[in-house]
Amino acid sequence: MATRGSGPRAPRLLLLVQLVAGRCGLAGAAGGAQRGLSEPSSIAKHEDSLLKDLFQDYERWVRPVEHLNDKIKIKFGLAISQLVDVDEKNQLMTTNVWLKQEWIDVKLRWNPDDYGGIKVIRVPSDSVWTPDIVLFDNADGRFEGTSTKTVIRYNGTVTWTPPANYKSSCTIDVTFFPFDLQNCSMKFGSWTYDGSQVDIILEDQDVDKRDFFDNGEWEIVSATGSKGNRTDSCCWYPYVTYSFVIKRLPLFYTLFLIIPCIGLSFLTVLVFYLPSNEGEKICLCTSVLVSLTVFLLVIEEIIPSSSKVIPLIGEYLVFTMIFVTLSIMVTVFAINIHHRSSSTHNAMAPWVRKIFLHTLPKLLCMRSHVDRYFTQKEETESGSGPKSSRNTLEAALDSVRCITRHIMKENDVREVVEDWKFIAQVLDRMFLWTFLFVSIVGSLGLFVPVIYKWANILIPVHIGNANK
């Protein structure tokens, strides 16, 4: 009986066991999936719990120290991302920087094991105590950086790197414009805390330029920081000063300002190469003078108005304007000499004839002027016609002598005019070489020393950057 009854029951029992096992497997898979989904939510709960515990009794206006005499040490650094502009007229430097600050907040410490292994959290800077470090020499009224999140570690280390756009005051020295170097400083310090409460530690003497975006007009030669202290009757106040030595890239001003000015100065020299009787010489000089005046107005719009120093390009323009003014005066004098005659002026002095008709032409490589007046006069005085006893011949000779004297008088007048014209040519040639020499020496004397100094600063900086 037991054997017959056990046959049909065995398949049923096996089917029941498989069904129960399948249900248990589904339940286990569902439980595993539920545990996988609940793991991230548990981390978020841990972080929520951590933030509630940290900021439950936290007051961000209170300096986070355990004892009253403890001071907070702020590790301070600066990273520059862009030199936006240098306004010479208003003497401002605009920069985009990052203020790197790090300190210990004793009220923001926790044990990572109690909060699911969380070691770092990020909270808005408005929720924690932050040092009131500002830029002292700000020029636009914005003394602090942007409110961004702080990074807090479990040991209480708070790192805050807010970006900031600053317009800082910068005394512009335009002596060597456009080959100038400027030294602009940015001074940071606490606005209310003294050194016994908040001390600033310079993290790195060099400004971080790894993310710097090049400027098309200025190049940063060096950017270094130094720490200082300001003391008064009761307290001392630490501060950090960053000095930016920036160098102007002069290519634009060289092409569109200096080279045209040099061209105008040499164009003035060519005035003396025109014929002495040309009235257009005055027009050319006047046109050059007007052009230089326009250049002066352009420079006046760029550089700051200061009576302490005169910029290099301003000195050159003033030099060229004096140069052109003298050329106008000399040209007027030469034209006056050119149009002189015996009927309008007295006879030429012997020393004038000797210097301008004999000596200077040889020195100026001009063809020697033949003194036809004296030559023809000597030939006339040395020549004598035969004496005729006949009255008709005497009468004819008297007529010839009269005609000869008249012709000689006209020749004398013509030769005096030609002598004055030749003196005008000598003056033009003399001033041509004189003004050319002065123009070359003046241009080289003004620009070469400055360019040499500028190159000596530029080359070592690039060599040092290449070695790095």
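Just so it is clear, glycine is given a Cβ too, placed from its N, Cα and C backbone atoms.
Topology note: S169 and Q425 are separated by the membrane (different topological domain names in Swiss-Prot).
Of the listed residues C235, C261, C235 is the one Swiss-Prot pairs with C234, by disulfide bond. Listed in Swiss-Prot as the disulfide partner of C170, from the options C184, C261, is C184. Between the disulfide-bonded residues C170, C235, C170 has the most other Cβ atoms inside 10 Å of its own Cβ, all protein chains included. Same-chain residues lying 6 or more positions outside the transmembrane segment (282-302) and placing a CB less than 8 Å from one of its CB atoms are 88-89, 177, 257, 260-261, 264, 267-268, 270-271, 274, 311, 313-314, 317, 320-321, 324-325, 327-328, 331-332, 335. The C-beta environment of N229 (N-linked glycosylation site), restricted to residues of the same chain at least 6 apart in sequence and closer than 8 Å, consists of G195, W236, Y237, P238, Y239. Candidates N155, N183, C234, C235 (recorded positions) were compared with C170 (disulfide bond); those inside 10 Å Cα-Cα are N183. Cα separation, N183 (N-linked glycosylation site) to C234 (disulfide bond), rounded: 32 Å.
Among the disulfide-bonded residues C184, C234, C235, the residue whose Cα lies closest in space to that of N155 (N-linked glycosylation site) is C235.
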